[in-house]
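Residues or ranges marked as active site, proton acceptor by Swiss-Prot on the basis of sequence analysis: Glu136. What Swiss-Prot lists as domain 'Radical SAM core' is 142-381. The disulfide bond annotation in Swiss-Prot covers Cys149-Cys392 and is backed by sequence analysis. The annotation [4Fe-4S] cluster binding site is assigned in Swiss-Prot to Cys156, Cys160, Cys163. The S-adenosyl-L-methionine binding site annotation in Swiss-Prot covers Gly218, Glu219, Ser250, Ser272, Leu273, His274, Asn349, and the record cites sequence analysis as its basis. Swiss-Prot lists Cys392 with the feature active site, S-methylcysteine intermediate.
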Amino acid sequence: MATASFDSAPGASRALPAIEKAPEVTALSTLPGRKASLVGLTREGLKQALIGIGVPERETRMRVSQVWHWIYVRGAREFSEMTNVGKGLKAQLADHFTLERPEVVTEQVSRDGTRKWLLRMAPTGAHDHNRGAEIECVYIPGDDRGTLCVSSQVGCTLTCSFCHTGTQRLVRNLSTAEIVAQLVVARDALGDFTGQMPGKDGGEPGRLVTNIVFMGMGEPLYNLDAVIDAIAVMSDQEGLALSRRRITVSTSGVVPQMERLGLEANAMLAISLHAVRDELRDELVPLNRKYPIAQLLDACRNYPGLSNARRITFEYVMLKGVNDSDADARALVRLLKGIPAKINLIPFNPWPGSKYECSDWERIERFSEIVFTAGYASPVRTPRGRDILAACGQLKSETEKLRARARLMLEEGMGAEAVYADQVD
């Protein structure tokens with residue numbers, strides 16, 4: 001049975017976790033001599049790109065609208081497809097820019113239809129070793145929706161003990177364009193742009209991607225500027241056209257940024273709670289040492305737009321013998337009193353090296369029953385994509401996995417030649 005080891009005994013001083021500053025990239029960051037892609041830019045970013053190649057400012061509103069439509073409604077891959085854009089401007093655009101998406105390094109499809117893409121971003125400089133940072137995003141098809149789980153950072157700084165991504169060091173923040181491009185890649189793969197041929201999922205009527213959750217790699221509120229701008233692009237009704245009520249941002253509890261998220265993004269909020277006592281949450285979610293449960297829930301009660309129609313989702317991973325007792329369930333109900341909320345119970349998804357086990361199904365059902373009886377919706381999240389490590393808490397970029405394997409080979413006495421052969425095999 002997995003148990004938590006506490007590093008904050010009652011009465012002891014609460015050490016604050018060091019929060020690593022993530023390197024930034026700008027919207028058009030790229031290596032010298034490499035054309036930047038326009039895919040993922042905001043309206044303002046696209047305007048500045050056009051002005052930069054000589055488009056008169058008086059024409060930019062019309063030109064931005066034209067190019068915007070081709071990128072975000074039609075899913076254009078070449079400027080030559082833009083039939084209502086003049087030949088001269090198309091030539092200028094092609095001389096200076098591309099419509100490239102991030103490279104799809106691998107695509108894995110689970111037995112349940114979940115898809116995971118490993119994406120390599122365009123190289124931007126020394127902080128990604130001129131190779132291009134890699135992230136993962138996941139598409140989860142459902143009966144009445146299709147949810148895309150997107151990443152906001154390369155790696156993560158929070159080191160949550162039950163989360164695979166937390167074992168990968170933080171490399172850098174993703175730009176707005178890199179966040180939006182994950183949705184563009186998904187729509188490409190699914191044939192989900194207007195006028196495209198049906199994708200691998202059969203081209204069902206309506207949009208295949210209906211919901212976005214910022215629950216991939218990284219802490220979104222530590223990259224809030226880019227996340228807010230990405231939500232604006234995703235929800236623009238003349239483009240990707242998602243409803244903001246179908247966009248959910250999950251945070252481990254960066255309390256000072258929560259109000260701004262609600263005011264500027266108007267997105268749905270999810271909280272990675274996972275414990276009802278500070279001493280346990282300090283271990284599971286070390287950020288709790290900086291923003292303990294009382295502060296976090298106070299920020300939730302004051303979240304802009306909070307109502308019964310816009311409830312906060314509290315995520316609670318079920319860990320056997322750690323946080324799954326009847327007493328924990330009753331304490332959870334008491335903590336959330338007065339907050340319009342639902343509680344997502346998440347069966348723990350195992351990953352190599354984890355010290356935890358998933359609660360027994362009977363225990364999960366009992367926990368859910370207690371919460372539901374108290375008046376809170378308490379669905380048990382169906383694990384999706386476990387067989388391809390695409391489920392909640394399992395994402396970790398392939399680059400980091402390969403580096404870890406290389407270190408292990410060297411520690412076992414295998415030479416550099418063997419490591420190189422393994423990496424390129």
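Cβ coordinates are placed from backbone N, Cα and C, and glycine is handled just like the others.
Among the recorded positions listed here, namely Cys149, Gly218, Glu219, Gly218 has its C-alpha nearest to that of Cys156 ([4Fe-4S] cluster binding site). Within 10 Å of Glu136 (active site, proton acceptor), counting CA to CA, the binding-site residues Cys160, Gly218, Glu219, Ser272, His274 contribute nothing. Of the residues the record lists as binding S-adenosyl-L-methionine, namely Gly218, Glu219, Ser250, Ser272, Leu273, His274, Asn349, the two whose Cα atoms sit farthest apart are 19 Å from each other. Proximity to Asn349 (S-adenosyl-L-methionine binding site), judged by a C-alpha distance within 10 Å, picks out Cys163 from the recorded positions Cys149, Cys160, Cys163. On a Cα basis, Cys160 ([4Fe-4S] cluster binding site) lies 11 Å away from Glu219 (S-adenosyl-L-methionine binding site).
Here the Cα atom of Ser250 (S-adenosyl-L-methionine binding site) is found 14 Å from that of Cys160 ([4Fe-4S] cluster binding site). When other Cβ atoms within 10 Å of the Cβ of Cys163 ([4Fe-4S] cluster binding site) are tallied across all protein chains shown, the result is 26.
Following the DSSP three-state reduction, the secondary structure of Glu219 (S-adenosyl-L-methionine binding site) is coil. Across the structure, His274 (S-adenosyl-L-methionine binding site) and Cys163 ([4Fe-4S] cluster binding site) are spaced 12 Å apart at their Cα atoms.
Averaged over the domain 'Radical SAM core' (142-381), the predicted model has a pLDDT of 92.
In the three-state DSSP reading, Ser272 (S-adenosyl-L-methionine binding site) counts as strand. Long-range neighbours of Cys149 (disulfide bond) (same chain, six or more residues apart, CB within less than 8 Å of its CB): Cys137, Val138, Tyr139, Ile140, Val213, Met215, Gly216. Within its own chain, Ser272 (S-adenosyl-L-methionine binding site) has Cys160, Ser250, Thr251, Ser252, Gly253, Val285, Glu315 as residues 6 or more apart in sequence whose C-beta sits under 8 angstroms from its own.
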